[in-house]
């Protein structure tokens, strides 16, 4: 079983923000259909299941994402976990893959690492660094030029995640799917 968790913040006001690219990728994957919604209360998030694939959108707000992942991990005990999140240190449109490592200052990743460790794969989607404060920038919406490109980036990431689920080799996926801005 594989758990794919997209990080973001709940609520309409955050729906199209840079910090929610993880949620956006889960929504892109859900469009393929065939997923059943699983009771969300005990998992502190929206959980969807299709065969041996679980998709998760934590409802804990970004900085407490680990609570939701831990609940799902403890119940389902997936063989593999893939976390999708925004990355300020990568230019917009860049996509990188890694296993484990440091949180890079991302509080959602810190929360996950603190509760389940860091032995999981990560899909890092670059959002760049704006001129505003970090909080204003990550909670801001994409500009029009970025919105058009974002659709392609999300489609690219979806293909990478599906292949990662199939092959299980983050190094192979990184070689094939790393995207530069």
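Each Cβ is built from the backbone N, Cα and C atoms, and glycine gets one as well.
Since this is a predicted model, take the numbers as computed values, not measurements.
These features come from Swiss-Prot:
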type     : residues        : note
ACT_SITE : 19              : active site, proton acceptor
BINDING  : 14, 61, 63, 107 : tRNA binding site
SITE     : 9               : site 'Discriminates between blocked and unblocked aminoacyl-tRNA'
SITE     : 86              : site 'Stabilizes the basic form of H active site to accept a proton'
TRNA binding residues 14, 61, 63, 107: largest Cα-Cα distance, in Å and rounded to whole number: 16
Residues near residue 107 (tRNA binding site) in space but at least six apart in sequence (CB under 8 A): 62, 63
Residues close to tRNA site centre defined by 14, 61, 63, 107, Cβ within 8 Å: 9, 19, 60, 62, 64, 65, 108
Surrounding CB atoms that lie within 10 Å of the CB of residue 86 (site 'Stabilizes the basic form of H active site to accept a proton'), all protein chains: 23
Surrounding CB atoms that lie within 10 Å of the CB of residue 9 (site 'Discriminates between blocked and unblocked aminoacyl-tRNA'), all protein chains: 22
Those recorded positions, out of 9, 14, 61, that come within 10 angstroms of residue 86 (site 'Stabilizes the basic form of H active site to accept a proton') at the Cα: none
Pairwise CA distance, residue 9 (site 'Discriminates between blocked and unblocked aminoacyl-tRNA') versus residue 61 (tRNA binding site), rounded so that it is a whole Å: 5
